[in-house]
Amino acid sequence: MTPAQHGTFEVYLSELRRWASQMNLTGLRTEQAIIREGFLRSLACRAAFEPTPSVKAIDVGSGAGFPGLVLKIAYPDIDMVLLEPRRKRATFLRSTIRRLGLIGVQCIQARVEELCGNPEHRGSYDAVFARAVGSVPDVARMVEPLLKPDGRLILQAGQGARDSLPSLRPLLATLGLRADSREVPAPDTGTPPTYLVVLERADH
Ligand SMILES: C[S@@+](CC[C@H](N)C(=O)[O-])C[C@H]1O[C@@H](n2cnc3c(N)ncnc32)[C@H](O)[C@@H]1O
């Protein structure tokens with residue numbers, strides 16, 4: 001990353017800490033927790049995603065911006081939507097996008113179910129991210145309509161979700177999805193890896 005991107009992460013970190021002291025924004029309180037669990041784990045999504053310039057991505061249930069805002073700072077060429085239904089969180093995301101001077105990223109305040117029926121969004125995304133929004137089958141069912149035919153859904157999941165993938169495959173197949181997983185080692189020893197569940201249309 002460039003020094004400018006490092007600077008952007010520093011401002012994002014200070015905005016997160018400032019807003020989190022006034023509202024329920026994220027459970028990550030310390031600088032170390034935000035960097036390790038927020039920034040670095042979000043960046044682990046890169047293992048399942050090619051950030052080419054024309055890529056259209058959406059982060060469903062972005063909360064404080066994990067992983068969507070982190071990915072946008074790291075890969076500025078991607079076109080990113082941060083979807084967040086809670087008003088205060090959406091206000092934080094919009095304010096932070098402005099404060100960081102980012103272009104090609106917008107926050108939409110809505111539930112994913114509302115977007116799925118909208119032709120502007122339905123079948124429009126190359127990459128759909130979701131972290132800590134629900135179980136793998138529930139999230140897959142909710143967000144699958146947003147995917148382009150060759151799009152990819154990238155879920156940050158716990159080890160349990162990754163381990164239960166074999167038993168979930170028949171259910172995911174009924175949604176027309178095939179599942180794979182990635183394990184991304186943490187940069188420091190003693191921190192568990194990041195587990196990604198990657199879903200694609202089975203007929204692609
Ligand atoms: C536990 S938080 C996780 C936030 C962030 N992804 C993270 O990992 O820190 C779950 C977020 O999903 C949002 N959410 C819940 N249901 C949703 C839905 N149906 N559509 C879009 N977002 C939803 C909530 O408002 C909340 O901010």
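Placed from the backbone N, Cα and C atoms, the Cβ positions cover glycine too.
Where the annotation comes from TrEMBL, it is an automatic prediction and has not been curated.
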Candidates ARG46, ARG94, ARG131, the one TrEMBL lists with GLY61, PHE66, VAL112, GLU113 as binding S-adenosyl-L-methionine: ARG131
Helix, strand or coil at ARG131 (S-adenosyl-L-methionine binding site) [DSSP, three-state]: strand
Structural state of PHE66 (S-adenosyl-L-methionine binding site), classified by DSSP into three states: coil
Listed in sequence order, residues with CB under 8 A of VAL112 (S-adenosyl-L-methionine binding site) and six or more positions away: VAL60, GLY61, LEU83, MET142, VAL143, LEU146
